[in-house]
Amino acid sequence: MNPQAKLIFVSSLLLGTTIVISSNHWITAWAGLEINTLAILPLISKSHHPRAIEAATKYFLTQAAASALLLFSSMTNAWHTGQWDITQMTHPTSCLILTSALAMKLGLVPFHFWFPEVLQGSPLITGLLLSTAMKLPPIALLYMTAQSLNPTVLTGMAILSAALGGWMGLNQTQIRKILAFSSISHLGWMAIILIYSPKLTLLNFYLYTLMTAAVFLTLNSTNTTKLSTLMTSWTKAPALSAMLMLTLLSLAGLPPLTGFLPKWLIIQELTKQEMTPAATIIALLSLLGLFFYLRLAYCATITLPPHSTNHMKQWHTNKPIPSSIAILTVLSTTLLPLSPMISPTI
């Protein structure tokens with residue numbers, strides 16, 4: 001892709017996200033979301049592969065439907081209350097439609113079907129943008145309207161997302177699809193705590209972004225898109241594979257690593273809110289995710305390719321590990337001791 005064109009699309013992404021985050025009026029928020037959607041489409045379909053074109057079409061249709069629903073909910077609210085302010089969303093039907101629209105934007109269950117397909121058809125770096133940067137505007141809108149949303153609907157969606165995200169990722173061999181289902185289950189954790197502690201939702205999103213960026217950049221560096229390729233990456237870049245294993249275990253939420261921090265704080269907050277059954281269910285459902293992260297970690301580091309006489313050994317690459325990957329991996333594994341600093345502010 002032409003560098004000037006790429007610069008325009010990336011600038012538009014930043015512009016759209018900034019407009020959504022800083023807006024008070026529903027129309028400007030909607031305009032920002034539309035700019036974002038239009039800017040990411042060329043980045044999804046830039047390879048001109050039929051799979052990429054299909055992914056871009058699916059993405060466009062779902063996002064257009066979600067934007068129309070968002071506009072409809074804000075207009076219904078304005079009709080009943082005379083308010084276009086984002087924080088003044090008080091009409092119950094409008095709130096319900098808004099929750100559906102933002103769930104469709106994010107890929108929360110039951111509006112999740114488009115996300116794994118779109119991620120599978122996109123290049124790895126675009127996949128990273130779809131999993132992280134494109135989720136920020138809808139999460140910002142959820143954060144601003146958190147007090148108006150229906151707790152029962154959100155909790156139901158969250159538990160279903162954690163369940164289906166873990167379940168459907170179990171039998172996948174394509175890494176991008178596994179990461180898509182991992183994203184869906186993480187969104188479940190963000191949605192369940194949104195009403196009770198919106199700051200925790202943001203903290204979870206920031207840490208998820210950090211860990212997912214480390215995983216996607218590592219996979220892009222080794223040019224890996226499926227499990228069978230991942231099995232041979234150890235011989236090419238042992239240090240990178242070991243770092244990938246730690247980051248994946250952190251995404252799974254294992255205790256000494258960063259990924260455990262948001263899960264721990266969320267379970268603690270849910271217990272304080274007397275939602276112990278929901279906390280127990282979502283904690284047990286995260287074990288499904290743990291299984292496929294362990295499978296990925298096993299393929300990345302413990303499985304070695306078969307060595308037969310006619311097998312050419314792949315030599316270590318002499319390329320140094322990019323500093324961005326090194327920094328992200330360190331942050332993805334070592335931030336748990338910061339929890340005493342974070343806890344009082346949430």
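Using N, Cα and C of the backbone, Cβ positions are placed for all residues, glycine too.
TrEMBL entries are annotated by machine, without manual review.
What TrEMBL says about this one:
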- 23-287: domain 'NADH:quinone oxidoreductase/Mrp antiporter transmembrane' (DOMAIN)
- 290-342: domain 'NADH dehydrogenase subunit 2 C-terminal' (DOMAIN)
- 5-21: transmembrane segment (TRANSMEM)
- 56-76: transmembrane segment (TRANSMEM)
- 96-115: transmembrane segment (TRANSMEM)
- 152-171: transmembrane segment (TRANSMEM)
- 178-196: transmembrane segment (TRANSMEM)
- 202-219: transmembrane segment (TRANSMEM)
- 240-261: transmembrane segment (TRANSMEM)
- 281-304: transmembrane segment (TRANSMEM)
- 325-343: transmembrane segment (TRANSMEM)
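If you count C-beta pairs under 8 angstroms between the transmembrane segment (202-219) and each of 56-76, 96-115, 178-196, 240-261, the highest count goes to 240-261.
Proximity of distant same-chain residues to the transmembrane segment (178-196), defined by a Cβ-Cβ separation under 8 Å and at least 6 residues beyond the stretch ends, is recorded for 106-109, 112, 115-116, 119-120, 127, 131, 135, 139, 142-143, 146-147, 149, 151, 154-155, 157-166, 168-169, 172, 204-205, 208, 212, 215-216, 251, 262-263, 266, 269-270, 273, 275, 278, 282, 285-286, 288-289, 292-293, 296. The stretches the transmembrane segment (281-304) and the transmembrane segment (325-343) do not meet in space: the count of Cβ pairs below 8 angstroms, excluding pairs fewer than 6 apart in sequence, stays at fewer than three. Sequence-distant contacts of the transmembrane segment (240-261) (same chain, at least 6 residues past either end, Cβ-Cβ under 8 Å): 182, 203, 207-208, 210-212, 214-215, 218-219, 221-222, 233-234, 286, 289-290, 293-294, 296-297, 300-301, 321, 325-326, 328-329, 331-336, 338-339, 342.
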